[in-house]
């Protein structure tokens, strides 16, 4: 089993914030691949399904960003999921909007959700799907940027991008990370 976690904040008014792009990604994966209805457990919401022959547990921590690791740790321990089988979808300031990169391990780069996961898991050696939201230009504008909605002009591209991520998910399930990134880029173009 693989654990795919989308990071975000649970408030309904925050659902379209840039910081919630991880939630948006796992919601689209669940929808496109006919996963089970979301249910509350592990201090979050989970949905289960199969992609590319691989059983996937989707998780949206309902603990707010700063405590996301608590929820991920509970799910990983319950199902005995190794760190190499954990993937987190999160917003990334240092990538332009619409760009996506995958890496394993590394630092939190100021991201409180990743920092929480690093504290709660045995270490930082899980996979990260870094979803670019762009940088507002000055550090004083970062909070307003990540806690703001996507611009109306970005919405069509955002929807194509989320659909591309869901459509390419079978490659991610097989851990074909380079092929996944390439397919997302091609489908979202």
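Quick reminder: no glycine exception, Cβ is built from N, Cα and C everywhere.
The Cβ of residue 9 (site 'Discriminates between blocked and unblocked aminoacyl-tRNA') has 20 neighbouring Cβ atoms from other residues within 10 Å, across all protein chains displayed. Under the heading site 'Discriminates between blocked and unblocked aminoacyl-tRNA', Swiss-Prot lists 9.
Residues or ranges marked as active site, proton acceptor in Swiss-Prot (evidence: sequence analysis): 19. Close to residue 19 (active site, proton acceptor) in the fold, though at least 6 residues off in sequence, lie 7, 8, 9, 65, 91, 146, 147, each with a CB less than 8 Å from its CB.
Under a cutoff of 8 A between CB atoms, and with a sequence separation of 6+ in the same chain, the neighbours of residue 112 (tRNA binding site) are 65, 66. The feature tRNA binding site is assigned by Swiss-Prot to 64, 66, 112, with sequence analysis given as support.
The site 'Stabilizes the basic form of H active site to accept a proton' annotation in Swiss-Prot covers 91.
For residue 64 (tRNA binding site), applying a Cβ distance below 8 Å and a minimum sequence separation of six or more within one chain yields 9, 10. Take the mean position of the Cβ atoms of 64, 66, 112, the recorded tRNA site; other residues of that chain with a Cβ within 8 Å of it are 9, 63, 65, 67, 68, 113, 116.
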